[in-house]
Each structure stands twice: as C-alpha cells, then as structure tokens.
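Scroll down for the structure; my scribbles are underneath it.
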Ligand SMILES: Nc1ncnc2c1ncn2[C@@H]1O[C@H](COP(=O)(O)OP(=O)(O)O)[C@@H](O)[C@H]1O
Ligand SMILES: N[C@@H](CCOP(=O)(O)O)C(=O)O
C-alpha cells in the first residue's frame, strides 16, 4: 500500500483565542507512506538532520497511536518551518494519524482529533490541520472537540517568519497561572469577535486580534516579534503572534514603513480542505 498525505500548516490563537481558535494555512508538508519491512524514514526540508529517524519520530508516534503497528517507509517533504508558531508539530501528528487510519482501513472520524490533540494537550492547531478553514476547539473532560467554519474570502493572511526558533513548550512556561479578571473579560470578547471577523466581517480584525492574554508574557522570548506587531497595529494593520510564536500573522497589505528586516514575509491562502490522503500507484 502506498499513498501521499498532504497536511496544512496552521495558526493558533489569532489574538486572544488561546488554545481554542485556529486557522489552516496554505503551506503543506507532504509525506509519502508505504507499507514495508521494518521502519525507514527519509526527511527532506525542515527538520532534516535534526528530527529522529526511528520510532520516536513524531509522525511514526502518531501512526502508532492511530493503531498501525506494522512496517513502514516514510519520505517526509517538510515545508512548514519548525518551532516558529505555524503548527509544524500538530501537522506532523495529524499526518501520522491520517496515515495510521488509512493503513488500518478507517475513515478519518472524531477519534482522529482526539488522538492528535492528546499529543499537545490542546486541539487548536490539530483541528485546523485536520479539518481546514477556521476552527474553534475545546475539551469536555478528557474529550477534545472542534467545530469548523468557512473563512470569509476577504481574509488575506500574511506571515512574517523570523529565522529564530522558539519552542511552544518553553513559551507556555512563561505564562502566569492567573490573569486579572479584566484581561480575561477582554479576551472573551476579543476571541468571540475574532470568530465573527474571520468568518463574516474581516473589517473588525484589528480589534479582534488584540491580545492581553499571552503575547506580553511571552515577549521576552521574541521581542522583535512584538515590536513588529505593535508597529503594524499602530498603522491599522491587524497583527498578532501566530501560535506560540515567533511568527507574526497579519492581514491585508503591509505598509512599506514597517521594518520587517529579518523576517521572511509570505502571503498565504487560508486552506479549506485540511489533511488529504491520495493513493499512489
Ligand atoms: N514534520 C515533523 N517531523 C518530525 N518532528 C517534527 C515535525 N514537525 C515538528 N516536529 C517536532 O516538533 C518541534 C516543533 O514543535 P513546536 O515547538 O510545537 O513548534 P511548532 O509551532 O512548529 O509546532 C520540532 O522541533 C520537532 O521536534
Ligand atoms: N495555543 C497554543 C498554540 C501553539 O501553536 P504552535 O504553532 O506554536 O505550536 C499556544 O499558544 O501555546
């Protein structure tokens, strides 16, 4: 059996929708999967020479979590940069779960989200990579859930990716155990508004992407990211940190006067399909 898994990157939080709001982006890792004797892994692109090439490889761990125990040959063509806040780990996990389901003859169902989200402890990126579009993810007890919404066609994301890496685990460690009630109330309103902005009325994205819940606490890990976000926002451009950073996600056109030196600026589509599996002969 041989097939190709194509999985989109994602941006999580989108301001104050911390651990809840996500959106899939048109930047794709591709993994060629074949049944084989033993385990072989080839990695091209992001993470080549860095990620393990054995059972501890994230894609393989997700394939195993999805129930496939047999031999495997993987060729990973990684385009999503690692540790930049574009959901590379969730994409790898979703690709592995999709491969595992395919190898065991299962349709992708709600268990796929559960298995994928358990790896990270939150489902925002995983739901976006799995379903595409805009997602709201949450948990009920131990069960992860998500709803998918259609993005408004006028949502035009642009990502500014610095060369510096930042681990999600590390910057989650910078967050306080508690926040003031006023900031929590602000976050609730802005996160709700962000759903409306992304699906119905992008003209309110500037207010919708304003954040008091996590960006300032994480600023010591990526001061240049916060500087660019503030410069863009002062000029009326909606901008916030993508996921746990350090990538900036902005919307619309970028004014020439903002200094984006050191950032790789890329305009991306919103992906609306989510993970895809295609048979190879
Ligand atoms: N395609 C992949 N294959 C194997 N491991 C991966 C892959 N993508 C990400 N990872 C692992 O996840 C780490 C990045 O995860 P994380 O800090 O959550 O950042 P990101 O925002 O990119 O998801 C990488 O350093 C690597 O260990
Ligand atoms: N809600 C999470 C999102 C992490 O996204 P990533 O792409 O940086 O892994 C968080 O903010 O920690």
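We number each residue from 1, going along the chain as drawn.
Cβ coordinates are placed from backbone N, Cα and C, and glycine is handled just like the others.
Quick look at what TrEMBL lists:
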- 59-133: domain 'GHMP kinase N-terminal' (DOMAIN)
- 81, 82, 83, 84, 85, 86, 87, 88, 89, 90, 91: ATP binding site (BINDING)
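Locations of recorded TrEMBL features on the structure.
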residue: 81; record: ATP binding site; contacts (Cβ under 8 Å, 6+ apart): 46, 88, 161
residue: 83; record: ATP binding site; contacts (Cβ under 8 Å, 6+ apart): 165, 166, 167, 168
residue: 85; record: ATP binding site; contacts (Cβ under 8 Å, 6+ apart): 11, 12, 166, 168, 241, 242, 243, 244, 245, 246, 247
residue: 87; record: ATP binding site; contacts (Cβ under 8 Å, 6+ apart): 9, 10, 11, 12, 22, 80, 125, 128, 129, 243
residue: 89; record: ATP binding site; contacts (Cβ under 8 Å, 6+ apart): 58, 82, 119, 120, 125, 168
residue: 91; record: ATP binding site; contacts (Cβ under 8 Å, 6+ apart): 7, 8, 9, 10, 29, 80, 125, 129
Which binding-site residues from the set 81, 83, 85, 87, 91 come near ligand 2, judged by a Cβ under 6 Å from any of its atoms? 85, 87
Excluding 81, 82, 83, 84, 85, 86, 87, 88, 89, 90, 91, which residues of the same chain place their Cβ within 8 Å of the centroid of the Cβ atoms of the recorded ATP site? 9, 80, 243
List those of the binding-site residues 81, 83, 85, 87, 89 whose Cβ lies under 6 Å from any atom of ligand 1, in sequence order, or write none if there are none. 83, 85, 87, 89
Quick one: average pLDDT across the domain 'GHMP kinase N-terminal' (59-133), no decimals. 97
Checked against DSSP, the composition of the domain 'GHMP kinase N-terminal' (59-133) is 42 helix, 7 strand, 26 coil
